[in-house]
Amino acid sequence: MAENHASAAARAADADDHQHPVLCRSSFLPAYSDVDDGLEVEGSAFRPLIVSASGDSHSDDDRPFSGGGRVPVPPFSWRRLWLFTGPGLLMSVAFLDPGNLEGDLQAGAAAGDALLWLLLWTTAMGLLVQLLSARLGVATGRHLAELCRGGYPDWARRALWLMAEVAMVSADIQEVIRSAVAIRILSHGFMPLWAGVVITGLDCFIFLSLEKYGVRKLEGLFAVLIATMALSFAWMFIETKPNGKDLIIGILVPKLSSRTIRQAVGLVGCVITPHNVFLHSALVQSRKIDPDNEHRVREALRYYTIESTVALVAPFMINLFVTTVFAKGFYGTKEVGSIGLENAGHFLQEKFGGEFFPILYIWGVGLLAAGTSSTITGTYAVIMSGFLNWKLKRWIRALITRSFAIVLTIAVAVWFNTSDSALDVLNEWLNVLQSIQIPFALIPLITLVSKEEVMGVFKIGPRTQIATWIIASVPIIANGYLLMDFFSSEMRGVLSGSVICVAVLVYASFLFYLIIRGMKLPNSSI
């Protein structure tokens, strides 16, 4: 009798757990083993750090979620902030990928310092999106792709997965080619583009091999890469001696003219990468947060907010350096129409030279660090396992997705080895492919963080929802403008125009479906 009563109580507790997302433990999270200060954890792909409270497990700080009233957050601690530091660092490298650098140099060369204010606000906009992604991952114990798998029908889930994979492979191609270009620069043209592709195509497996040493080692590696970029581009900034007054005015005073609208839209559009939205919701689970404990969830959200905000300071400064350098060197010159990421180093060398070290090689080092570090967004984005629930080892998933990128990139490198202009055209097409995918990451994210059935007490409020939808619509509209401009220039006759119109209609219909579906998302699907 007592056993029956106990089993019934256990079933009731389980049912109650599943009714409240804060209480649910994710199947994504592996089994953990507590050791000294939580610096080693077994069974995790991320080898998470345990950041649960030490001391008396029955203290007020560790009481489970009771559902009645807001639980206070503990006092700020530098030590605990350090334990949470890392995921934002890995997330921030997506703000430094070759696409961002391309947008920076185009904005600087075409508009001078006039768009620096836009760079600041687009970085803040990207921060908001990443904070929502982190909030989703911490509060639910699941990442975005997993929740999409449970919240949409099979056909829509597979369509979302395909879109995310296309975006990831497109970004991989850009990152590998840019790294190969950097290797060609640093080897003084000795290394052909295809050989650089082979070398850089394997870097994701180097990152994966670091997992056995713990997540801190991986985070440390990316801190070094970001520092390398910062030093390289800061050196360029100092060498070119930009005007400080123009820089401050550019940051503080909004300016926009009809001549710079394309560069402005491009600057906005390259801030949000779809697979990075998926990535951050998974990276925050590299710290063990007890989802049964509202107190600890609130603490994690607090430290992740601080950590992510600070982590994006470095990318903003690096993008600022690049924009300012090209504004100083090429604004108002005849090279504006021909400058691109491939030939930018040679233009810089001709313009500035370098007192102690050729600026061409400084640019090459920074570009190589940017391309190498950006591969984290594809290697750890957990898109395939989340959408399709494929239980594959991480290196096998990386091999599958990276193989597509490497094969296509080698073909491109062999074909375009001596043509910088052709590579710029290819880069435009790849940017288009990634721009198309942005709504398919943002709409599910905002829909899910707005649902009490998913987030519980951590859902965003009505005012925040309105503000978030408005802010998220900016990159969507900006990319829509770029897509219309791009496809209108590519139309060749009635047939191509008809195909593009049908594709746009299907695309818009799917977006509309995602929005309507989000409004009617059933509780049982979560």
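Please read every residue number as a count from 1 along the shown chain.
A Cβ is built for glycine as well, from the same backbone N, Cα and C atoms used for every other residue.
What TrEMBL lists as transmembrane segment is 116-138 (among others). Tertiary proximity for the transmembrane segment (116-138) is limited to same-chain residues at least six positions away from its ends with a CB under 8 Å from its CB atoms, namely 87-88, 91, 95, 104, 107, 144, 147, 247, 250-256, 264, 267-268, 271-272, 276-285, 289, 297, 300-301, 304-305, 308-309, 312, 315-316, 319-320, 323-324, 442, 445-446, 448-449, 454-455, 458, 460, 468, 471-472, 474-475.
Look at TrEMBL and you will find 189-208 (among others) tagged as transmembrane segment.
The transmembrane segment annotation in TrEMBL covers 220-238 (among others).
The transmembrane segment feature in TrEMBL is assigned to 264-283 (among others).
Sequence annotations record features per position, and here TrEMBL assigns transmembrane segment to 304-327 (among others). Sequence-distant contacts of the transmembrane segment (304-327), counting only residues of its own chain at least 6 positions beyond either end whose CB sits under 8 Å from a CB of the stretch, comprise 81, 84-89, 91-93, 95-96, 100-101, 104-105, 107-109, 111-113, 115-116, 119-120, 123, 126-127, 130-131, 134, 138, 226, 229-230, 233-234, 236-237, 240, 242, 247, 251, 280, 284, 339, 344, 348.
Residues or ranges marked as transmembrane segment in TrEMBL: 360-383 (among others).
For 395-416 (among others), the entry in TrEMBL reads transmembrane segment.
Counting same-chain residues at least six beyond the ends of the transmembrane segment (466-483), those with a Cβ under 8 angstroms from any Cβ of the stretch are 125, 128-129, 132, 262, 265-266, 268-269, 271-272, 431-432, 435-436, 438-439, 442-443, 446, 460. TrEMBL lists 466-483 (among others) with the feature transmembrane segment.
According to TrEMBL, the transmembrane segment annotation covers 495-516 (among others).
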